[in-house]
Amino acid sequence: MTAQVIDGKAFAATVREKVAGHVARLKEEHGITPGLAVVLVGEDPASQVYVRSKGKQTVEAGMNSYEHKLEADTSEADLLAVVDQLNNDPNVHGILVQLPLPGHLNEDLIINSIAPEKDVDGFHISNVGLLGTGQKSMVPCTPLGCLMMLRDHHGSLSGMDAVVIGRSNIVGKPMAQLLLGDSCTVTIAHSRTKDLPEVVRRADIVVAAVGRPEMVPGDWIKEGATVIDVGINRIDAPEKGEGKTRLVGDVHYESAAAVAGAITPVPGGVGPMTIACLLANTVTACCRANGLAEPEGLTA
Ligand SMILES: Nc1nc(=O)c2c([nH]1)NC[C@@H]1CN(c3ccc(C(=O)N[C@@H](CCC(=O)O)C(=O)O)cc3)C=[N+]21
């Protein structure tokens with residue numbers, strides 16, 4: 001079997017089109033333009049690339065983008081003051097503080113200072129609790145994007161065996177909650193899991209989110225399973241020339257694609273969906289802030 005490739009780049013474009021449609025309607029019918037504020041502390045080059053890309057796509061969808069770039073040595077008090085100002089700005093419906101933050105800043109403290117209804121990353125402790133108890137919340141972008149692709153591919157996920165490899169607060173745990181919400185039987189595996197290959201071989205759905213390049217080989221994958229590769233790892237690629245690099249996932253793509261039923265590539269899989277879901281969450285937050293109906297097809 002050769003897996004069907006789940007084209008995250010193309011799917012993300014359709015999500016962004018839906019977002020743009022909702023934005024246009026909000027403007028025309030209600031005179032409201034959704035706004036997303038992104039806060040970047042320091043000058044990590046990769047983070048700068050992501051922030052630029054988020055801003056560009058926000059504007060392309062018809063929304064307002066506000067970028068706050070702060071020095072790497074910004075104090076906690078100063079960063080809290082920026083978040084507070086955004087919390088109180090009625091033109092800002094979504095706030096994202098780019099992670100990781102420089103070491104002297106307490107990430108939990110900063111994230112929990114964001115107004116939960118503007119927390120488009122879904123990282124605030126209130127949103128974590130709401131998701132865990134099946135209540136309406138802001139859902140983390142990467143797991144939401146994975147869920148959208150899985151639903152699109154399978155229709156119902158009810159009764160499927162899902163294995164999430166990785167237990168991070170950002171991906172693994174919320175992914176497991178969403179799969180449980182769609183009635184999967186969910187296993188969360190991690191570095192201490194006994195006989196990981198056997199655990200993964202039981203799965204109809206494998207979500208790999210560990211951050212280790214190509215650690216899941218094809219012979220761990222059950223024939224016909226769906227593989228969602230969340231990893232984005234930059235590795236040396238001497239075959240492309242000296243000093244060159246390339247992006248790989250947490251899954252060994254070639255061997256996995258030979259047995260899987262469907263698989264997401266890296267790049268062009270989960271990554272573009274993450275940003276599309278950030279825009280979707282901003283529209284959702286804007287609708288909720290204004291007491292309007294939730295945008296259809298953009299929420300969990
Ligand atoms: N508060 C916060 N929220 C985030 O959502 C967040 C963050 N901090 N910090 C950094 C990570 C990283 N992240 C990515 C989003 C899109 C791609 C993406 O679109 N990747 C492309 C390729 C990118 C490339 O070529 O380098 C792809 O996979 O096809 C990657 C990474 C969001 N993050």
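In case you wondered, yes, glycine gets a Cβ from its N, Cα and C as well.
Feature annotation from TrEMBL assigns domain 'Tetrahydrofolate dehydrogenase/cyclohydrolase catalytic' to 6-121.
Remark: secondary structure over the domain 'Tetrahydrofolate dehydrogenase/cyclohydrolase NAD(P)-binding' (140-288) totals 60 helix, 30 strand, 59 coil, with classes taken from DSSP. Taken from TrEMBL, the feature domain 'Tetrahydrofolate dehydrogenase/cyclohydrolase NAD(P)-binding' applies to 140-288.
A sphere of 10 angstroms centred on the C-beta of SER168 (NADP(+) binding site) encloses 17 other C-beta atoms. Per TrEMBL, the feature NADP(+) binding site maps to GLY166, ARG167, SER168, ILE232.
In this structure the residues listed as binding NADP(+) are GLY166, ARG167, SER168, ILE232; their two most distant Cα atoms lie 16 Å apart. Neighbour density around each Cβ, counted as other Cβ atoms within 10 Å, peaks among the binding-site residues GLY166, ARG167, ILE232 at GLY166.
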